[in-house]
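Record features, source TrEMBL:
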- 225-244: compositional bias 'Polar residues' (COMPBIAS)
- 1075-1093: compositional bias 'Basic and acidic residues' (COMPBIAS)
- 1155-1169: compositional bias 'Polar residues' (COMPBIAS)
- 33-122: domain 'Ig-like' (DOMAIN)
- 126-221: domain 'Ig-like' (DOMAIN)
- 249-342: domain 'Ig-like' (DOMAIN)
- 345-431: domain 'Ig-like' (DOMAIN)
- 437-524: domain 'Ig-like' (DOMAIN)
- 529-621: domain 'Ig-like' (DOMAIN)
- 628-723: domain 'Fibronectin type-III' (DOMAIN)
- 728-821: domain 'Fibronectin type-III' (DOMAIN)
- 823-928: domain 'Fibronectin type-III' (DOMAIN)
- 932-1029: domain 'Fibronectin type-III' (DOMAIN)
- 225-246: region 'Disordered' (REGION)
- 707-731: region 'Disordered' (REGION)
- 1075-1113: region 'Disordered' (REGION)
- 1150-1169: region 'Disordered' (REGION)
- 1-22: signal peptide (SIGNAL)
- 1043-1064: transmembrane segment (TRANSMEM)
Amino acid sequence: MEIGGRGLIISLICFLFKFSTAIEIPLSVQQVPTIIKQTKVQVAFPFDEYFQIECEAKGNPEPTFMWTKDDKTFDLSDSRIIVSNNSGTFKIPNEGHISHFQGKYRCFASNKLGVAMSEEIEFIVPNVPKFPKEKIDPLEVEEGDPIVLPCNPPKGLPPLHIYWMNIELEHIEQDERVYMSQKGDLYFANVEEKDSRNDYCCFAAFPRLRTIVQKMPMKLTVNSLRHANDSSSSTEIGSKANSIKQRKPRLLLPPTESGSASSVTILKGDTLLLECFAEGLPTPQVDWNKIGGDLPKGRETKENYGKTLKIENVSYRDRGNYRCTATNFLGSTSHDFHVVVEEPPRWTKKPQSGVYSTGSSGILLCEAEGEPEPTIKWRVNGSPIDKNPFAGDVFSPTEISFTNLQPNHTAVYQCEASNVHGTILANANIDVVDVRPLIQTEDEENYATVVGYSAFLHCEYFASPEAIVSWQKVDEAKPLEGRRYHIHENGTLQINKTTEDDAGSYSCWVENAKGKTAVTANLDIRNATKLQVSPKNPRVPKLHTLELHCESKCDPYLKHSLKLSWSKNGEGFEINATEDGRIIIDGPNLTISNVTSEDQGIYSCSAQTALDSVADVTHVTILDVPDPPENLHLSERQNRSVRLTWDAGNDHNSHISEYIVEFEGNKEEPGRWEELTRVQGKETTVLLSLAPYVRYQFRVIAVNEVGRSQPSQPSDHHETPPAAPDKNPQNIRVQASQPKEMIIKWEPLKSMEQNGPGLEYRVTWKPQGAPVEWEEETVTNHTLRVMTPTVYAPYDVQVQAVNHLGSGPEPQSVILYSGEDYPDTAPVIHGVDVINSTLVKVSWSTIPKDRVHGHLKGYQINWWKTKSLLDGRTHPKEVNILRFSGQRNYGMVPSLDAFSEFHLTVLAYNSKGAGPESEPYIFQTPEGVPEQPAFLKVIKVDKDTATLTWGLPKKLNGNLTGYLLQYQIINDTYELGELNDINITTPSKPSWRLSNLNSTTKYKFYLRACTSKGCGKPITEEGSTLGEGKYAGLYDDISTQGWFIGLMCAIALLTLILLTVCFVKRNRGGKYSVKEKEDLHPDPEVQSVKDETFGEYSDSDEKPLKGSLRSLNRDMQATESADSLVQYGEGDHGLFSEDGSFIGAYAGSKEKGSVESNGSSTATFPLRA
């Protein structure tokens, strides 16, 4: 049935396309079958267990399947195949009968509404390729002749790879003379003697079949005419050798029977390969060109020494004639290839499935392109359309139209386009359906988005006839309106720029002529994710470390899905993926060590949650030292100046702050560069002030905040003329080693200060202020020795620089002194005042100035001990020295031994040395307090008594008058008992027995040695008395009991073990705390004066004691201290001012109430309780 004109059809296209586009029909609705999966090509590889040919389809009712093979019905009940349930797929086991199934298959899926047809499926059963068994005759040719070794590979599953190798599997080398064609034949343009061999083997490889086959070896013998018959004359041999004739090219590929031109057909998109090979001598060269055009640039390559022209991705523009030309110096030959580009069919308008309602109209379009032009065939339900036309259908080769569709019009239409290169097939379902809307989105679906983003609430539906979709908030009766709301064709509601007020429940209503349906959707609004990268736009010096931090904040409900990522210039970082570990990403932190210029760029941190994403960027600038300045140029050359100009180098993102101009030209240190001046960074020129008589060369260094550049290349040389000196020597001084001698020295002029050749120094001198002529002497070095008539006399001295061009400026006079001599007289000691037992003050008269014979540096006291007044024993002479600077007449001598006799002398000294000593002065030091006793031990205790013994002090410092013994109860509490005193007036008695002690009580004992000057520092010991009962009084006799001896041995063994453990722990870093015990039982003397101590003991953590103690220094005289030389002589710790006065009163303030217990023991005597 046809209609006049196409107007109606064209007018319907837009409407029909809008509704008939492919709609996914729910399987709950009746529909024609649709093939959803099928095999394209199946190859029966011999190593596979089975071969599966797939065909799966959907439909309602469920489809059934039927197959054809080579357009004939294929029986799925064949016992040799395995059919899948509820599918058209079947398997062919690899059991030896595979070739029977080779062919082209089609699958048909059908139900009561229609039939869907698959594309053609080819099942290929490849044969195992083999070269035929044949005897290959040997080939024999003369040197210079052409030859072709045929391969003739067997047919097999492509791709095919051909190799020529010898029997050792070494490739036959190919070059301009030897070539393998695409078919695999081996061509020789001209053979050489080296081509002779008996193992030319052609190998054919079929990678998809995992097979390589080999042809029988071929033997090729090349006869060289130089090896002619030995009986021939030399003339004949030469004639035959020259008979290897040179010849012009002749084409072997394409073969001669192809003529001068041939045709090649190539499919569009494939790779075109044209090959030419010519024999000749010399070996011809092959060139290619396109007649009437150019070879396609970028897609064409010449391979195999120009013998193959390759054009990739061929298009219709590549059609035409191509010519290959083979040339040597004797001539040329050519061949033309007419290239035809063709193409398999491809869709330009593919028929689309559609869903229609009763009474509607539709159209199917089917257009395809190809070369040759494809033919179009229509089918309906798998059969030609002309055999099963529907009433009202109007069809042509490219379209089918239908009107007033009814449910029985439901069918599957097939359009097939084919040419010689292939066939394509498209199924188009025509489903005529009338049903109320079916909403496919679940009811009560929950959605969420963030503030400011768009929300999408889905309402996917199927409806026929066409339906109308509307949305409304559940708590509002009217549909949503406004620019922020948009309903898509698939029913989805889009809410733009959401706010917190948009949260709530929404209803989607879908309505058509058959009814309406609704679902509810719930929307939550979350807070948007915020992000900030710090620092912003950092500037990082090269090789430093870049640290970036990404601070993020997101809604608590989104925190679990938050993911941070870093990128640079749009490219993401792989976490810690750099080989050298320079780049480390640790969550929100990005660290790059040893940055380089390549690390510069825009760094972005992105935060991704389940609902939103946000990014923040920072621009990282890498700083580096500048590049060296360039193009140094000298101008304005003068005797004392020159202008230097340069071009700035790259500043590497940091402005150049200054330039350093250096020069080289020092004759004494050639090659050494010195700084000449500095120039502000904005300048690139400077006028340089120069010194005479220097051959200058300059270079420039640029400086920025990172550092200095490498020096520039040196400038040209600039030489200044010589001149008289501009300055005289500095630092003129005298060095005297002998009396009346004056060795004058000065700093010589540097090479750059000499200004010319022949530098000398003119030295003049005369006595200071004397109206006499200047004496003069000129020297070349920087020292002059002058003898003077007097010792240590002042002279005016001048030193002037002189060179061949003149003298320097008028010199300035300096005052120098002639050489010194030793002082020749001694001071007179006026007296020695004894301050205390260890300190005396010495006074003397100064010597006259004219007897010093130089610069007086000070006075020196020598003293030595002659004997002790305690025992009258003399001491060997050991002289002690103490010096006092400057002009003074007294000094303090500390650190003397108490109760001793001393001799003392005084002398003056100058720079030369010391003068004579004064007459010795004899003095004695008074008694002092003794040192602490050598030891204190508790040797015997009972329940109420304890016996103590001790040793004499190392230094008595006077006549010992007795001892002061003190004791008090300590126990293991902070409470201390009353301090008890016992004066022991028998100094020769080294022990004491205490009685009336409490039983089972711990005591602390203090013992001091005393002289008439007082008592010294105490030594302490602790001990405990025994308890009441049967053990009392047994101390004297238990030592003889056997059990006691055994007990003591056990205790000794345990003590040894304990000491070993303590030693090991101490070596491992353990601590033995004496501090706690000292805090618990402190020395009462120390406690009483702890606020007056001067450094012997201090502890910021010292605990306060409960109760109060009497001072142990009651009725005692102030103790005296051994004084240090450092406190009174020259040095940083002296107690003298510059004029020698004594700073402060030395009245023994250090000893006030001081108690030192350096010799005390804190070990408790092992007593039984």
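Heads up, the Cβ atoms here are built off N, Cα and C, so glycines get one too.
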Open item on the list: Using a threshold of three or more Cβ pairs below 8 Å, and leaving out pairs closer than 6 in sequence, do the domain 'Ig-like' (126-221) and the domain 'Ig-like' (345-431) count as in contact?
Closed with: no
Open item on the list: For the domain 'Fibronectin type-III' (628-723), report the average pLDDT of the model, please.
Closed with: 93
Task: Helix, strand and coil residues within the domain 'Fibronectin type-III' (823-928) as assigned by DSSP - done: 3 helix, 56 strand, 47 coil
- [ ] Just give the helix, strand and coil counts over the domain 'Ig-like' (249-342), going by DSSP.
- [x] 6 helix, 56 strand, 32 coil
TODO: List the helix, strand and coil residue totals of the domain 'Ig-like' (345-431) as derived from DSSP.
DONE: 3 helix, 51 strand, 33 coil
TODO: Take the domain 'Ig-like' (126-221) and count its residues per DSSP category (helix H/G/I, strand E/B, coil), listing them in that order.
DONE: 6 helix, 37 strand, 53 coil
